[in-house]
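Positions annotated as domain 'Radical SAM core' by TrEMBL: 98-312. Per TrEMBL, the feature [4Fe-4S] cluster binding site maps to Cys112, Cys116, Cys119. Look at TrEMBL and you will find Lys324 tagged as N6-(pyridoxal phosphate)lysine.
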Amino acid sequence: MAETWMEQVRNEVRTLEQLEQYIDVSDDERHAITTLKTRWGTTPYFASLMDKDDPTCPIRMQVIPSMKEQVNEFGMKDYLMWKENRATDEVRPDSIARQYKDRIAFTVTEVCGIYCRHCFRKELVVDQDLKLRFDVEEGLEWIREHPEIRDVLVTGGDPLLLSDEKLSYLIGALREIPHVEMIRIGSRLPIVLPQRITEGLKKAIGGFHKVPVWINTQCNHPKEITAETERAVFELLSCGINVGNQAVLLKGINDDVPTFRELHQKLLRTRIRPYYVFYCEPAPGIDHFRTPVEKGAELIRDALRGHTTGLAQPMYVLATNIGKIPLMPDYYIVDKNDKEYTLRNYKGETTKIPNMPA
Ligand SMILES: *Cc1c(COP(=O)(O)O)cnc(C)c1O
Ligand code: SF4
C-alpha cells in the first residue's frame, strides 16, 4: 500500500472486476452493482479493510450498493432542498447552505473519497439527480459581504480532495476575510484516505495562525481506524489542526452497545475527539440504515455516559432544516420539588441535591 494519495484516487475501486480483487462479491451485491444506476466507489486503501467473506462487514455495507436503496417508504422527497434551506427567500449562491446567523456550510466540491451508501446528500453526491453550481469565487464573495459570518464550514463532497494549491488558495482567502474567526473542514479522508495527510497539505492549511482550522471527519465503526489513521491524525494535530468526529448512527453497523462504545474509545485513543453522532437523516433511499430516533440517546445512556471517559461522549443530534436538535438521554432527573432534585446515575442509583429558588 505504498501508493500516494493521488494514485489512490486514480485507482478508485468502482467496477465489479476491481471489487472482486478485494472480496468475494455476494449475489446481492453483484445484482445491485450491475442493476442500479448510481455512483459508487472507494479508495483501494478503504477497500482493503473489507472482510473478504462477510457481506455484513461494516466497510462493505457503507461502500457497496444495495437493492434496498430502491425502497423509499420513510425518506423525504427533495430532501436536500428542504434540509439546506435552498428554497427560502434569502438569495445565496448554491455553494452556501445556511441554518444559523453566524456560520454557514460552504460546499466546494461534489467529489468524494468513497461514496457512502448512507449519505444524506445522496441526491447530489451519489445519485446526481440534483444539479447545483459550486463556484468557489462566488461563495467567497458572499462570505466577504456578510460580516455576521464568523465560522465557515468547508464541506462537499470532500474538500480535502482539492489539490494543495487550491486548498492553500481557499483557506488563505478565507483567512483574509476580517470577520472569519475560524474555519472547519468536513472530510472523510483521514479515515478513507489517510495518505492524503501529507507535508504539502500541512503547509497548505496548517500552522500557527489566528484563524484556526478544525477538521471534522466521519468514522462510523472501529474497524475504520488503522495505524495509517493514527499517523494521519497525529500529523494534523502536529500542525495545529484539531480533529473531531461526526459519526452517523447506522443500523446493523454501529447501533449496538459494544460497537458504539468501542468506536468512541478507539477514536479517543487515536486522538480524535467525538463531536457529534447524527441520526441517519430521512434522505431518500436509505431507510435500511435508519433506526428509531431514540436509539442514539439510548446508546449514549447504555454505552457511554458513566461507562467510559467523559471525553468520549459525543452529542447526539438530529440534523434538520432549522438546525441541529440535540437529543440526549433523559433519565437523570427522577423527581423535583421545591426543596430538592432526585437524580439518577448510569447505574440506576439515585441521590438528592437541594433545589435553589430563582
Ligand atoms: C451542521 C451545520 C452547521 C454547523 O453546526 P454546528 O452545530 O456549529 O457544528 C452550520 N451550518 C449548516 C448549514 C450546517 O448544516
Ligand atoms: S464522504 Fe460525506 S458527502 Fe461524500 S458520500 Fe460520504 S457522507 Fe456523503
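Even glycines carry a Cβ here, placed using N, Cα and C.
Shown here: features listed in TrEMBL, placed on the structure.
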{"residue": "Cys112", "record": "[4Fe-4S] cluster binding site", "Cβ contacts under 8 Å, 6 or more apart": "Cys119, Val125, Gly156, Gly157, Asp158, Leu161, Arg188"}
{"residue": "Cys116", "record": "[4Fe-4S] cluster binding site", "Cβ contacts under 8 Å, 6 or more apart": "Gln62, Val63, Val126, Arg188, Gln218"}
{"residue": "Lys324", "record": "N6-(pyridoxal phosphate)lysine", "Cβ contacts under 8 Å, 6 or more apart": "Tyr276, Val317, Leu318"}
**Request:** Other than Cys112, Cys116, Cys119, which residues of the same chain sit close to [4Fe-4S] cluster? List them in sequence order, counting a residue when its Cβ is within 8 Å of the Cβ centroid of the site.
**Result:** Ile114, Tyr115, Arg117, His118, Arg121, Lys122, Val125, Val126, Arg188
**Fill in**
Sorting the binding-site residues Cys112, Cys116, Cys119 by sequence and keeping only those with a Cβ under 6 Å from ligand 1 gives none
**Request:** May I ask which of the recorded positions Cys116, Cys119, Lys324 have a CB within less than 6 Å of any atom of ligand 2, listed in sequence order?
**Result:** Cys116, Cys119
**Asked** Across all chains shown, how many C-beta atoms besides its own are within 10 angstroms of the C-beta of Cys119 ([4Fe-4S] cluster binding site)?
**Response** 22
